[in-house]
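Before any comments, here is the structure.
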Amino acid sequence: MGVTIVLGSQWGDEGKGKITDMLSQQATLCCRAAGGHNAGHTIVHGSNTYDFHILPSGLISPSCVNLIGAGTVVHVPSFFKELAALEEKGLQGASKRVFIADRAHVCLDLHSVVDGLEEARLGGRKVGTTGKGIGPCYSDKAARRGIRVGEILDEALFERKLRNLESGYRARFGDLEYNVEDEITRFKEYRKILGPHIVDQLAFLQKYKDSPNTLVEGANALMLDLDHGTYPFVTSSSTGLGGAVQALSLNPTSISSIIGVVKAYTTRVGSGPFPSEQLNEFGDKLQSVGREFGVTTGRRRRCGWFDLVLCRYSQAINHYTALNLTKLDVLDDFDEIKVGVAYILPDGTRTENTIPADAEVLDKVQVEYITLPGWKSNTMGVKKYEDLPANARAYIEYIERGLGGVPVKWIGTGPARDDMICRE
């Protein structure tokens with residue numbers, strides 16, 4: 001099995017869907033390793049725009065089988081709603097090519113209610129979650145009281161565990177705007193149609209052990225990783241290389257490439273430190289030109305300059321073999337473009353390669369920038385590297401050098417499926 005892993009290198013929304021879509025055309029199997037319907041990928045394919053949340057993007061390729069892995073949390077209503085939306089847009093037979101590991105956990109409507117209550121209790125210290133129930137679901141998993149997807153098929157077991165969860169949350173929060181009987185009733189219907197999608201992950205993957213091309217699609221990004229991200233302003237799963245290996249039982253020696261996806265600038269949704277954020281006309285312009293609104297929440301994304309410190313840190317943890325730089329065209333009309341190259345910590349320490357673990361310290365760092373000239377010309381839809389303006393090529397090559405020579409093999413130059421330069 002030759003495995004390619006695609007990972008977000010910043011705070012998510014880097015545009016992982018397009019490279020995943022492109023690579024899935026040659027893949028036999030596409031797997032999601034972690035996260036849930038809090039993730040969001042947009043793929044423009046012909047005249048259709050597809051929004052993916054819990055489903056793997058490999059569904060667009062008619063020859064690619066797709067697995068939602070053991071490290072994920074699955075909101076069953078969203079799973080079926082998303083499948084129906086894809087089939088309505090012409091992806092006929094998609095439902096026959098997607099499977100769920102029986103060890104994945106069930107994200108309930110109950111978890112979404114609890115998510116809102118937990119955020120409300122934090123007041124001004126909100127994490128800024130998507131409100132989808134991801135955190136409470138992973139909390140139940142860690143506390144060993146969660147419900148696994150395979151347990152949905154055992155009606156008595158499922159109902160007993162769900163009632164126990166509801167009872168525990170009522171003891172904690174008091175009255176809940178939630179009716180456990182309604183959720184139980186909905187799952188009576190899901191149970192009838194979910195069975196064919198549920199698989200023993202290890203046995204399933206064994207069938208593909210000789211596959212020359214397996215694609216692993218990362219969700220969220222390294223800076224949202226539970227261990228390595230800007231804790232506590234993170235998601236509740238392991239979003240990096242280690243999480244993918246663990247969740248899908250990958251043999252590390254089978255990994256042929258690790259692709260880090262980086263936006264040509266930096267964005268973040270929700271709360272938390274963001275050293276290179278631009279709360280000025282530059283940030284507003286990036287937001288407007290880049291149409292920076294979250295696929296999952298619709299929230300306005302915070303915008304800032306490219307941060308080499310953050311990306312060096314990400315590279316050190318995820319060990320990228322190549323990069324996909326996205327949305328280069330958004331920078332077309334800037335006279336000058338800044339790149340963050342170092343942080344000055346509150347105590348005066350200068351760092352180029354790592355970030356402080358303390359979110360409050362990270363929030364107070366000063367960023368040291370270099371300024372590069374813009375190219376002030378259109379790169380939208382450019383297909384060849386040599387056709388890019390000289391200053392655009394200089395920008396890309398500066399990033400490559402700043403990340404120790406990791407090659408930028410793919411460059412996104414627009415929203416369409418084929419708006420991609422391949423430097424193979």
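Here the Cβ of each residue, glycine as well, is placed from N, Cα and C on the backbone.
Look at Swiss-Prot and you will find 12-18, 40-42, Arg301, 327-329, 412-414 tagged as GTP binding site. Residues annotated as Mg(2+) binding site in Swiss-Prot: Asp13, Gly40. Marked as IMP binding site by Swiss-Prot on the basis of sequence analysis: Asp13, Glu14, Gly15, Lys16, Asn38, Ala39, Gly40, His41, Thr130, Arg144, Asn220, Thr235, Arg299. Sequence annotations record features per position, and here Swiss-Prot assigns active site, proton acceptor to Asp13 based on sequence analysis. Here Swiss-Prot flags His41 as active site, proton donor. Annotation source Swiss-Prot lists substrate binding site at Val295, Thr296, Thr297, Gly298, Arg299, Arg300, Arg301, citing sequence analysis.
Sequence features annotated in Swiss-Prot and their locations in the structure.
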residue	record	Cβ contacts under 8 Å, 6 or more apart
Gly15	GTP binding site	Val261, Lys263, Asn324, Thr326, Lys327, Gly412
Lys18	GTP binding site	Ile43, Thr326, Gly412, Arg417, Met420
Arg299	IMP binding site	Val269, Gly270, Phe293
Arg300	substrate binding site	Gln287, Glu292, Phe293
Arg301	substrate binding site	Asp13, Thr267, Arg268, Val269, Gln287, Glu292, Phe293, Gly294
Thr413	GTP binding site	Leu328, Asp329, Thr379, Met380, Gly381, Val382, Lys383, Asp419, Met420, Ile421
Of the recorded positions Gly12, His41, Thr42, the one whose Cα sits nearest to the Cα of Asn220 (IMP binding site) is Gly12
Compare all C-alpha positions of Asp13, Glu14, Gly15, Lys16, Asn38, Ala39, Gly40, His41, Thr130, Arg144, Asn220, Thr235, Arg299, the record's IMP binders, and send over the largest distance in angstrom.
34
Residue among binding-site residues Gly12, Gly40, Gly298 with least C-beta crowding, 10 angstrom cut-off:
Gly298
Taking the Cβ of Leu328 (GTP binding site) as the centre, count every other Cβ atom within 10 Å, in any protein chain shown.
25
Is any of the binding-site residues Asn38, Gly40, Thr130, Gly298 within 10 Å of Gly12 (GTP binding site) (Cα-Cα), and if so, which, in sequence order?
Gly40
Tell me the Cα distance separating Gly40 (Mg(2+) binding site) from Thr130 (IMP binding site), rounded to the nearest angstrom.
11
